[in-house]
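Chemist: Below is one structure. I have some questions about it.
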Amino acid sequence: MVLTDEQRQAIAKKREEAIRRAAAYREREMQAAANATASTSSAAPPAPPKPVIPVMFSQNRQNFQPMKPTMNNSTKQSTINNYIKQVQKPEPTSLIKPTIGVKLKLDIGDRIKIEFYPFHSAVIDLIKQVPSRNYDPAKRSWTVASSDHITISNILKNATAVKVELEPLPQNIIGLTNFKPKAAPSDLNTVMDPSLIERLFPYQKEGVIFALERDGRILLADEMGLGKSVQALTIARYYKADWPLLIVCPASVKGAWKKQLNTFFPIIHRIFIVDKSSDPLPDVCTSNTVAIMSYEQMVLKHDILKKEKYRTIIFDESHMLKDGKARRTKVATDLSKVALHVILLSGTPALSRPSELFTQIRLIDHKLFTNFHEFAIRYCDGKQGRFCFEAKGCTNSEELAAIMFKRLMIRRLKADVLKDLPEKRREVVYVSGPTIDARMDDLQKARADYEKVNSMERKHESLLEFYSLTGIVKAAAVCEHILENYFYPDAPPRKVLIFAHHQIVLDTIQVEVNKRKLGSIRIDGKTPSHRRTALCDSFQTDDNIRVAVLSITAAGVGITLTAASVVVFAEIHFNPGYLVQAEDRAHRVGQKDSVFVQYLIAKKTADDVMWNMVQQKLDVLGQVSLSSDTFRTADKMHLRFNDAAQPGIAEYLKKTPDTTIDEWEDPVEEKEDDDLEIICDSPAPKRIKN
């Protein structure tokens, strides 16, 4: 059918009308939405929209009209109700609760630290509801007693003024807040040999009691030189019913531990030192039996040790067990699970590297942290790295320290126990290392050359060559000892005087000090006299200068370096007067600290000969009072050394004729500690009184 022009015009008009009505419909919809939005600010809800009447087209395009909707009363009411539900009055902005993140942490002193962010006074008001709350203005932090853990948690959870997102303490830490030490005797003299106990300093007695309160499972982390080894032996002796005792230590200090036992426990006559795989272990379990071995031998004898079930074990230098994947750590862990008493010794606990503490903690209490992954996330900034899980950081360090001090660790710095220490302590340290071993043939040849020479002049020349070679060979081991024991990461700030004789030894020490980027001064024979005063002043006043590298002969007199409290002799000298004068650069008027003196000795070197020569030049032993880190007074000290050919350090440091009694007031001597070995074979003289 062909449309006429009139029909086409009519269709076009109707189409335009339909478009117009559709546009009008859309405009009404938009207006209704605008009215609904505007009405949200008024108290009354907006009027419901009128029902939409759809436009229906009939098949005949020439005639179209809207269809009337069919809607009864119930349908209308339902539509209105649905619309009212959709258009709700929003809560005013002023009534929205701020969200505050709150984190609970264990703090030192049986306290729980409360950290929150952002700051809101409402949280302060909540904390103040707890009677035990305390504010530390220095740390700007709030704490409550650990016994109020549940109380503060409930108060924060039920807060109304703010929305609290609470991060509570982990369950294992909550359990630790309830930890109660075991009852221990307040007077050790009632349960142990009084002659042993009276030799301990007060802080050492506290360390023993701390261990007994924890059933002999602790980490003894006192600073080097404070007598960890004698504390460990005293603790172990309390549990003699659970002997034989097993001591695992670095190979170089096995002899030192034996001497400690001979000194303090002469009744113990069955001491087994395991040097090689064929060496036997104790075949009977008695309270007078001790086995001493290196970590390497512990690994080799793992099966035998596990079968014997040692119930009291000392792990010396326990930071050697920091690697959980190392075989020695796995063996030590197996042994510690069977043992009743486990005593760890370390003067350098890695509190800023908590990942290294995990294995040591588990040796003492394997239930405290059962999972390294969880431990690392909370304390090591543990996270998934590009290739593996990484735990190299440090988080919540204060909480970890609080846990360790409460449950398993005791650590005292020299500054903490200064009142208990004598004015000056001396000790001999035997150093060893691959550089010494590698040159042992040369050293033995030099010694043989010295011994076979008859001419006094030639003998002196030969000794000087032997002395020089010894200094060169010792230098690397000396540097390693000084840096590892005094300038390790997190070491307490201290100043150290390092004395040597040969230029090559001084140079080696200077290079290693510079590598560590330690501020230092150097005074030797090449230092102009007018420069010495300025160098000494800078050492005394500049906190960034921590090391003085000094010549025994050139810097041993005429200068004051009392800012240092540690004196290390990398080499010794023929004349004991030079040694005493060098010590007194730090031990003199103006010194407010206890001076700690170390002599670094290498066995089978010229040092052996030098000690004998020093002894021959001394006249009397009298005016030197001795005091070890295990004895409170010199009068009670009687150290013996099995090798009669090896003279004691007490004999080397006798008073020289031109030394006044006042200058020698209270000089003291200290026996071996940890990897240190004292060699004394004479009873202590009486202390000189003014």
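Quick reminder: no glycine exception, Cβ is built from N, Cα and C everywhere.
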Chemist: Using Swiss-Prot as the reference, determine which range in 30-49, 410-429, 430-449 is annotated region 'Disordered'.
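Modeler: Comparing 30-49, 410-429, 430-449 with Swiss-Prot, region 'Disordered' matches 30-49.
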Chemist: Name the residue range among 4-7, 204-207, 316-319 that Swiss-Prot annotates as motif 'DESH box'.
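Modeler: That would be 316-319, per the motif 'DESH box' entry in Swiss-Prot.
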Chemist: Using a 10 Å radius around each Cβ and all protein chains in view, which of these binding-site residues has the most neighbours: M224, L226?
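Modeler: That would be L226, with the highest Cβ count within 10 Å.
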Chemist: Just how many other Cβ atoms lie inside 10 Å of the Cβ on D222 (ATP binding site)?
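Modeler: There are 25 of them.
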Chemist: Just going by other Cβ atoms within 10 Å, which of the binding-site residues G225, G227 has the emptiest spot?
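Modeler: Counting other Cβ atoms within 10 Å of each of the binding-site residues G225, G227 gives the minimum at G225.
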Chemist: For the binding-site residues E223, K228, which one has the sparsest Cβ surroundings, going by other Cβ atoms within 10 Å?
Modeler: E223
